[in-house]
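Heads up: the structure comes next, in structure tokens.
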Amino acid sequence: MELKVQQDALNLEAEILVVGLSRHPENTKGWSEFSERFNGKLEEWTKQELSFDLNASTTYPTLSGSIPRVLFVGLNDRKKLTEDDVRTAFGQVGKELLKKKIKHAAVYLDSFQNDSISAEDAAYLAAEGIGMGTYRFDDYKTSSNEADVQLESLTLLTQEDADEVQASAFIGQVFGQSVNEARSLVNMPGNLLTATALADYAQELGETYGFETDILGKAELEELGMGAILAVNQGSVEEPRLIVLKYKATDSFDNPLALVGKGITFDTGGYSLKPKDGIVGMKGDMGGAAAVLGAMKIIGELQPEKNVVAVIASTDNMVSGNAFKPDDVITSLSGKTIEILNTDAEGRLVLADSVTYAKQMGATHIIDVATLTGGVIVALGNDKTGALTNDEGFFETFMEAALETGEFVWRLPLTERDKKRIRKSDVADLNNSPGRDGHMIFGGGFVGEFAENTPWIHLDIAGTSHAASPHDLGPQGGTGAMVRTLAMMVEKMAEEQ
Ligand code: BES
Ligand code: ZN
Ligand code: ZN
């Protein structure tokens, strides 16, 4: 999608023009000049029965050749509009443009502004929201997607500084595109997106952005002693991969932040087999890996001043004569031994070795992201990401990032009593499934045992990584949850140092 910024309303051309409709449109910057563009008709239309309700949209034919249609989006009282409202409105606009098969759209940017939302903010939100809203997965139907039309250009009409608006829109576009790539990874089936294929994708990303890339195969994992990842992979005919991407803001690579993602390409549950209804959809069990890769794409594009290492452990979790079983005792990379009580609690195992690996790489801060437990869905629903942390200050910064991106994150407690239950085993240092009560906490808390004293945040996206039905910012399927917030967190840490 090509982004353009234009200040001259009179010579604007597009298949459709998007206008934010608030109670007093005449207070919009440049309104009269703009209205002239339609021979004063705009005024007339806004007095018709258009809905001012937030996100209600009405399309109006203009009988003008250069802008044949206007799409009004309800903004209600513009003074009260938040960034989240505007992002949502643009997400809806994106969906509308997709439905109408629009190739060239324009947005009257200044109609989305108020005292707290500048033209640059609105530009960022427009590019991001429309980018996400127009997402569609290239599926495998033989009747093909070829006939589907994609948005090719978006022109932002504004009276403000064109360069600044353009720069800000570019950032929004990068955010939106990276979310969409993560969505596609989540939507890919497990037979096509194997650990090897995921690693190939990461390798390509590394080449595009100049990341130092390390892809470790089974033999290397064995050599290093990554017994937890290997145990999960034991029943598979597919090789595991440990994917490591380094973004070096400084040559010395001081104090890197580690982004650790769960990359289970399909989770059968193993011998603790999932019921037939619970197994469908488990191709999405690499949502954490997708979030990390999406964030790395943003980081590669925008080059923040912060060292980052991405670590993703990828394998499927299968059953076979070789598979690991309940009662097995395994030795992790950290040296800690683990009693397996449930082979379906495999995510925490691959994360454990990944977190240890990240620490060995010198990570001074760790964020792990994973579709880890059904427990988080029971606790918070499908629209909130659950979090745990061992560091208040680090988490506070993270919540600021989440507030900016509008991704809802809620922290759960992790108490000493919880940790005791994770450490309870007659035969090993830890057990991988202390119980079903509050098990989001046990899942994340288990990973925390490997972070030890390194400032750490755990994000459980089992609910948020996938949407059962279309939502404000996109269609049913992979959502790209946490892509934007992870990248925003890196930006914040770059600013802080
Ligand atoms: N991948 C699942 C978690 C999950 C559930 C993701 C629903 C997306 C939607 C994870 O590996 C798992 O099976 N967790 C178990 C843990 C239990 C055995 C302690 C769960 O949540 O039931
Ligand atoms: Zn599982
Ligand atoms: Zn899983």
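Counting begins at 1 with the first residue displayed.
Keep in mind that glycine also has a Cβ here, set from the backbone N, Cα and C atoms.
Per TrEMBL, the features are as follows:
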- Lys262, Asp267, Asp285, Glu346: Mn(2+) 2 binding site (BINDING)
- Asp267, Asp344, Glu346: Mn(2+) 1 binding site (BINDING)
- Lys274: active site (ACT_SITE)
- 342-349: domain 'Cytosol aminopeptidase' (DOMAIN)
- Arg348: active site (ACT_SITE)
Query - Sequence-distant neighbours of Asp344 (Mn(2+) 1 binding site) in its chain (C-beta under 8 A, six or more apart) - result: Asp267, Gly269, Gly270, Ser272, Leu273, Lys274, Asn317
Query raised in the report: Within the set Lys262, Lys274, Asp285, Arg348, which recorded positions show a CB-to-ligand 2 distance under 6 A?
Result: none
Report summary line: Out of Lys262, Arg348, the listed recorded positions, fewest other Cβ atoms within 10 Å surround the Cβ of Arg348
**Report entry** Overall pLDDT of the domain 'Cytosol aminopeptidase' (342-349), taken as the mean
**Finding:** 99
Query raised in the report: Around the Mn(2+) 2 site recorded as Lys262, Asp267, Asp285, Glu346, what other same-chain residues have a C-beta within 8 angstroms of the site's C-beta center?
Result: Val232, Ile264, Met282, Met286, Asn317, Gly347, Val350, Ala370, Thr371, Leu372
Report task. With the Cβ under 6 Å from ligand 1 as the test, give me the qualifying entries from the recorded positions Lys262, Lys274, Arg348. Result -> none
Query raised in the report: How many Å lie between the Cα of Arg348 (active site) and the Cα of Asp285 (Mn(2+) 2 binding site)?
Result: 12
Report summary line: The correct DSSP tally for the domain 'Cytosol aminopeptidase' (342-349) reads 3 helix, 0 strand, 5 coil
Query raised in the report: Which of these recorded positions (Lys262, Asp267, Asp285, Asp344, Arg348) have a C-beta closer than 6 Å to some atom of ligand 3?
Result: Asp267, Asp285
Query raised in the report: If you skip the near sequence neighbours and keep only those at least six away, which residues in the chain come within under 8 angstroms of Asp285 (Mn(2+) 2 binding site), Cβ to Cβ?
Result: Lys262, Ile264, Thr265, Phe266, Asp267, Asn317, Gly347, Thr371
